[in-house]
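Trainee: One structure coming up, written as structure tokens, with questions to follow.
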Amino acid sequence: MGFRWPWTILLLGQQVAAHRCGKSEKTDAGGHSCGGRVDWLVQHEDLSKDEAGFRVAKEFPVECWRCGLNISSASSKSCSLQESTSDTLQLQQLQMMNCGKVQKASVQFQDVLAAKSDTWASSDQVKVWRQKSSLAGELCRESTVLLDHEEFKSAALVAMYAWSEVIMDGSQCCELLRPPYCLQAQWSWATLAVAILLGGSFLALISSLIAALTAKAPRPAARAAPRSPRPARAVPKPEPLGRTAEEIYQELLRSWMKDHSLRGLYGAAHFAESAASLFAQLYKRFGFQADNVRNQFDHLLSLWRSHCAMLADLDLEVEDEEELEEAVVNEKTLLHEALNSMHAELLEGFRAWRHRLSEELQEPLSRSSVTLCQVRWAQVPLGDWLDSESSPKHLAASLAMKHLAEVVTYLLVWGEAGNLRFMPEVIYFLTELTLGADGEPYQVEGPTSCCFLSRMIRPSYKVIFDEWYQSLEFKQVSTEDRASGVGPEEREKLPTFHTGYEAFLPPDAANYDDWNEFFANVGLLRRGMARLFESEHPKRFAVFQEFNLSKMLSSQKTKTHREVHSFWGVFASTHRIWLLHTLLFFTGLCVVAEEPKDDAETLAGHGIAVRFSGLGLLAPLHALMLMVARIYTSGPALRSSIRGIGCMCAHLSRGLLWLSPLVTYLAVRFSQGIDIDQQIIRYLLIAHGLVSVWALISLLFFANRTSDVPYQVRPRRLCRLQVVRYFFWFVVLAAKFLIAVVLFRAVFELILDLQLEPLGRATSRDVLIAWYSTVWTRDLLIWIWLWFSSFFIFCADTQLWFTVGCSLLGVAAFLSQRGCRVCHFALEDAVHELPWRFQEKVLRYAPSAKQAFAKTWNLVIHHMTKEQKINVRDSGELSYDYVMSEEPEPPVLFNRENCLERASKHYCYMSDTREWPVNKELQWRFLALSRGLGLPMPRPYRVPYVPTLTAVIPHFEEPILLQPEDLYSEAPGEARDLGHLIDYLRIKYMDEFKNLAQNFSVPGGVRNWSRYSPPQWKAVSGRNGREATCIWASMRLQTLWRTVAGICKYHDALLLLHELQGTCSGLLWHPEDTSDVFRCLVSMQLYSYSSSVQREQVNEMLERFPPNLKIAYIDHEDTDECAILHPQQRRRYYSCLIDRSCKKAKNSTSAFRLPLYRIELPGYPILSDGKADNQNHALPFSRGTITQCVDANQGAYFEQMLLLPNALGEFRWKAKRIVGFPEHITSDLGSVGDFAAGSETAFCTLLQRSYAVLGARMHYGHPDLMNKQYMMQQGGISKGTRTLNLSEDIFAGLDFVLRADGREICHKEYFHLSKGRDLGFNSVLKFFSKLSSGSGEQLLTRQMCRLGQLMSLPEVLTLYYAHAGYYLTQFLLSWVMPTVLFTWSLVLASDCDAHFAAFEPSCGRRPAPELMGRMLASIYTYALLVLVLLATALPLFMEEWLERSFKIAAQRLLKQVFTLSFLMFVFQAKIIGFYVVNELRYGGAKYISTGRSLPTERRPFIRPVPNKVDEYEGLYLDYAIQAFYDGLTLLIASIMVSGLGGMEPVNPYRGGLSALWACIGLTIISWLYAPFVFNPHQFARRHILEDRRVLCHFFWKNWGAGWIRWYEEYQLKPRTGLSISMLDFNFLVFFLGVSVWFAVVNHKVSMMQVIFSSQAYMKEVAAVTLLPPIFTSWISCFLVSQITRVVSSIRRRCCHAQGESTWDVLRPLVPFFAFLVVALEVFEALAALEILRRMQRWKDFLAGLILKYLLLEVTIFLAEGLMRSRCAKGCCGRERGLQALYFWILTNRMFRDMLTSSVILSPLLLLSLLNSGFRSCCQTLDLHEFLIYRSTGHRARRRACFGDRVPERLVGRRA
């Protein structure tokens, strides 16, 4: 093969101009110039130009080199000196560098030739190597001669020529004296490949983004059933009113004057007559439902009574305790004053909305008068019962009647509204229409039933249903079957969504918030309903009924905020957080960046001030992104409402402000470039700094717009707390920043030591000459990745700092609540102070406080005894003794302890000196009561002046009361083999079970469950003083019985308080019934579908507990009037209420009770994910002004219930409040239960305390107290849009804050409820998956978006990191270790290899393993590990220390550590991160029923689902996608890091990486094995052998049909379309990583191509090295698909297999070809990298393997996206054109699952053998069971373990 030798004088093939050099006289050889001499030699001696040029250069070594090179180099485009390289020293360095590289290359050529082992190079290649070495060496010697003659420039050029043209064949120029030193001479296909890969990914992402922006949302498909054009006009059959108005009037009047506590107040008869007649007349005139009228009348009385109580209580407010006895309540005008107060609070929002609408319309509306279709009702006569201080009595009476009419109308409309209650402004609108109506309200003859519902409510409901759903399917159930109970299969199915709505509502689909804001925005409402407001006010009620609401309330007219599932949706809500992090990050970069040594004008500028001035560019960049996000998330209705000159001016001013930093920065850089006066530059820098700070401050602190304030109010801020909040975040961010600077410094030093020139130090000329160089591209991408990964980690650790900060702030707030008396708190004996504090704060109205407390305490101990917490003997010791003396003798418990005794108990393992109960829960209860009484608490309400409270308990499928078969079963099966539930409960609550069983007489002992009699299992014990076992167990698990039993203790507490300190009043009090003061409302959504056993349990609850217990449920009846109801609904739905007084249905065997109220709903009510609608339908049955939200997994304590009047006092002076209280987590059974309980304990106490101080504590559902009147005005106590409001409770708090106007959410800690948490590993993670999905949706909502603009910066930061940001940060934290490993391996792979190292453009100053080891060892130290542990454990540790003692806190922490809590938390973070990001990408959030039983059941590795074909479930399938695949990838990555030399013995920093490897190992073990570590009875030998057998069936039975079905359902189905795949959150990051790795390998391959330039097929080999290894496997799959096509055709013709498709023949081959396809891919990858293996470049070989894997994953990812696209579902589906592609995908994915499951199961099999061997030695101890349950098990479990070791034949013989 010829050797090309370009002549130096003709670098681009051009001759030099005629110029004399060399000889001075003309010769025969030709010419007076070197050029002429060359031409002569070419013509006369048959030499090539290259050879002639070299000969001439030899003849005239000095003159011709100088002459020729100086002249020709100016026109050279391939290799020339830079203009800046003119210094003599620089030229010498350039010569030495190039010649040094030539010398090293020659030596390495000789080394290769001397090594006999390398036979890969051909003889031609060897010849070329020798020729290159010889010629380049000669040129370098000539260059040395030039140096001796001080021809420095010529010497440098000759040296450059020797390296670039001779050694590198003109492909590379080493002309730089800074990294990367050598650049590619011209662009090549290698550079273009990197550009195509990186640019193609960006182009695909942008194309998908544009498609998502421009594509229209899917619209509802046409229904099969014809839809009525205007269903609101459909006239129902006239149905006479069921009852006359007179009957209603008499009943209502009787209910007030006979039964209600208001009857004793002055003037009650007159107000009762007026209210009853008004309700009756409205019922008659407007057709409200009779039960709704009765219910709302009772509701009105309860509200009225509450306001009476609160006003009367104000008269008892005295400064001196001695004046308390003389305080008198003025009850004469109490009813009138309470009516005014109720009107002011209940209708505050309505009056504000009406005022805005009145100003918009310029009409008085109903503010001046109320017409109500000329309804006449009894007026209150003039008398002393009217408050006439502010106005005459006749005006007071008139105003009182107007207030009463408005309140009653509002309540009746609200009670009828059903799902419309989620939209309070819609209720205001309907109320205003009703109040102002005149004439006949409906165009029907005579009054009809449910007219208001059918004509005013149902049309709007139909719009809601039609917007989201297509149909509703259900099964007809007879009345008899319903009476006996129906199963889950007979219930209604969830409504069928419109096509495209399954995962989430499209961004342009309207929801409750959109419709509500349409009515809240009076300008938008007026334009949208112009025809209505053109009518006269009295006629609008009738005109509204004629509207086609489907058109009027369409999403195009009402959509204000688009919930976009993409980056833009999240960015719109959280942009201030990302701007702050970006600003801090680049500030840190500017701090650690060093000034370049030369004075060249770099891209970052010259000087510290200019470098920092670049931070101002973040403002226009961020503003641009914010503008795109706002456009992307703004709905059409909002965009249409913000037009106008004012809006344009505002936009223009903001645009100028945000662009000003860009303009000033360009001015600064331009002035530097033209060398202007430094004083002017300084002025420009000052101006730039001012405008930059101004722009950044506007974005960070004043980001809100007018459209962000939908309710015309802004959140108020307390200055004192604002200072605390700013200081807190300043400290947190300062600590974070200081630690981050260490990271930035380490990364910056790594970049310098790796010889990667920072982009900011490059000049514009560097970019122009280097952009096409593979070296520069590689270095640039590595530089970008290093800083990107640093930014990723920088953003991830904020959550850790925030948690540590909240822990310390929580302690400070705890001490602040106690007056900052730290020593007093540390030394006080709170238990000793309990009697005095209780008397002072709770029993302050009792005549004899000591006697009252003694009686109260004895009753508390009595309740504890009934709960089996203590036995009778201990209860006597803990009670007051009345026998010894007249004064009750206090128990020893209240004796004082000195400081030494307390210190020994708290910090040492010393026993208590007083009679302290053994029961741990009782210890906590005594301490909680003692500590709580030491806190500031409001003055209690005095009985009977106590506001009415309703505790709302939503119930779905939670167990009501455990049955004997739930606790113990004799049937053979796993429960019998592995232990019964009652066994675990007995071990956990050993002392309490002894107290229960002390009266049991069971043959064989109390643990002989089979001998228990039915009464011992199930007898109700309320009257005989003894609880049965089922009730005892139910009270210790998460059952509805336990919750109701606890909440109903409010009744006992109120009766006791009335007995001890009640007073006589006109506000009457029943001595045994507290129904007017307290109601326990259980919303049992599925009661009508419950079984007979469940209904018996409900009846048992109603009979056992006080009459305060009410149960609301949803009932239905079938009908044929679907045209009137809804075309897709053939049922009427009712909201019903039952209580103890309700009669049982006749001929009912299931004890079904007839409802007290039965109110028809507008349609199917469960349009959300369940809980919100369940609460919403029950809310009209609530009573009073205060509502407490309680979940069905909670409980309560009697001593805490006594503090209820104090807790209600929180609303005395500030009614607009949500008051949160801590919860005591009781479900700490087992390790997982303790982990979950610990996390919940920290959240419910210390963290919520901190959130309240920081202004971001929200409503979390329980056990918050709230003023129901204000919650009604914001849509209820939760939100109800399906999927979007999955975390329904928190939206009550978000809306509460968003509506502002003095509203406040606070957290108090003197009042506690108990709570149970999930106990099993799977149930805990299901719970977190639900929370994560809900938080992902929460980030996209308008509430988060608007609060993200309106709240102050510290509050926004807290709101984010305390709620949705916590879950998103878990994703970042879970990917820190993979990011570190990828970065580590990337740097190692880019390092110079020992073979042909001279050909590397630049190498690090030290080996890459040493540099990476130094950086990682300086960052990932044990200090960082301690920070992570602190962030995880510090909140719980500090709270346990504060509440209990240091000893208990340390014990609990150590227990968690030694029971592998870190495995649980690492895996939990992975699951949380997966679900929250998955929700942001694809949606699909739904309610997940977690189950709340004990984790006694073993979850198999994999098992078939009973009664279903080819369907499997199990732990592997639960977490394969979420964690196992990534765990295996992380394991392989760690191996690759070791293979690339990351832990070489010569690395001096190897020992410092132990902390990092500990974290990596922990992550790998957790991601792969955590579910199995915490799986009960995982290592039982026979079970794990069964796992192995079923796993084989999963892949091979029915030719892999089970696996294929699972893959298609869970991996292909959840994501739809290639564009969705492109918009994947990981897409850009993944492609960036692939591009970086491709650039690294591409550079290595390009270098090898130059080295082996004469090798045969070298270009082809290099190209194959960079391609994905898919071609052989694709070809094989294609051939197989064609063969199966032929076979299928033959079978259809010959075997009459008409229904058989080609895919039916091809699919059974998937398991067999999985190994073959992967083997072909591996073979293809190894064959392509054979050259690297032959050369023993093992790092490059491993890097190539990793690249092949990454490219293969990219290809499979894109192929899967194609299979999800419309094309694949249509003409090119797997049944048609893509069989081969789909077959290829399945084989690859099946092999992945085979490999992953084998890697997991194999160690489990080994551990099972070890566990069996250990049990053989010690039969009474199972280490795994001890790890999970923290106990050695019980007798049944030991028998099962022993049976596990016995051979099956012996077991069968025993049986």
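Each residue, glycine too, has its Cβ placed from N, Cα and C.
For reference, TrEMBL lists these features for the protein:
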type: COMPBIAS; residues: 221-235; note: compositional bias 'Low complexity'
type: DOMAIN; residues: 401-482; note: domain '1,3-beta-glucan synthase component FKS1-like'
type: REGION; residues: 221-240; note: region 'Disordered'
type: SIGNAL; residues: 1-18; note: signal peptide
type: TRANSMEM; residues: 187-213; note: transmembrane segment
type: TRANSMEM; residues: 577-594; note: transmembrane segment
type: TRANSMEM; residues: 614-633; note: transmembrane segment
type: TRANSMEM; residues: 680-702; note: transmembrane segment
type: TRANSMEM; residues: 800-816; note: transmembrane segment
type: TRANSMEM; residues: 1419-1437; note: transmembrane segment
type: TRANSMEM; residues: 1457-1477; note: transmembrane segment
type: TRANSMEM; residues: 1519-1540; note: transmembrane segment
type: TRANSMEM; residues: 1552-1570; note: transmembrane segment
type: TRANSMEM; residues: 1618-1640; note: transmembrane segment
type: TRANSMEM; residues: 1661-1683; note: transmembrane segment
type: TRANSMEM; residues: 1709-1729; note: transmembrane segment
Trainee: Report, as numbers and ranges, every residue of the chain located at least six residues beyond the transmembrane segment (1519-1540) whose Cβ falls under 8 Å of a Cβ in that stretch; write 'none' if there are none.
Mentor: 1377-1378, 1381-1382, 1384-1385, 1388-1389, 1467, 1470-1471, 1474-1475, 1560-1561, 1563-1564, 1566-1568, 1570-1571, 1610-1611, 1738-1739, 1742-1743, 1746, 1792-1793, 1795-1796, 1799-1800
Trainee: Would you mind splitting the domain '1,3-beta-glucan synthase component FKS1-like' (401-482) into helix, strand and coil residue counts from DSSP?
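Mentor: Result for the domain '1,3-beta-glucan synthase component FKS1-like' (401-482), in helix, strand, coil order: 55 helix, 3 strand, 24 coil.
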Trainee: Going along the chain, which residues at least six beyond the ends of the transmembrane segment (614-633) come within the CB cut-off of under 8 Å?
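Mentor: The answer is 213, 507, 561-564, 566, 568-569, 571-572, 575, 579, 582-583, 586-587, 590, 604-605, 654-655, 658-659, 661-662, 664-665, 688-689, 691-692, 695-696, 699, 703, 1345.
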Trainee: State the non-local partners of the transmembrane segment (1552-1570) in its own chain: residues 6+ outside its ends, Cβ under 8 Å from one of its Cβ atoms.
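Mentor: Residues 1321, 1377, 1380-1381, 1413, 1416-1418, 1420-1422, 1424-1425, 1462-1464, 1466-1467, 1470, 1523-1524, 1526-1528, 1530-1531, 1534, 1543, 1799-1800, 1803-1804 contact the transmembrane segment (1552-1570) from elsewhere in the chain.
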Trainee: Within the same chain, where does the transmembrane segment (1661-1683) have neighbours whose Cβ lies under 8 angstroms from its own Cβ atoms, ignoring anything closer than 6 residues to its ends? I mean 6 or more beyond.
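Mentor: Beyond its ends, the transmembrane segment (1661-1683) has Cβ neighbours at 193, 1638, 1641-1642, 1645-1646, 1648-1649, 1702, 1706, 1709, 1713, 1716-1718, 1720-1725, 1728-1729, 1731-1732, 1744, 1747-1748, 1751-1752, 1754-1755, 1779-1781, 1783-1784, 1787.
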Trainee: Take the domain '1,3-beta-glucan synthase component FKS1-like' (401-482) and average the pLDDT across it for me.
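Mentor: Summarising the domain '1,3-beta-glucan synthase component FKS1-like' (401-482) by its mean pLDDT gives 85.
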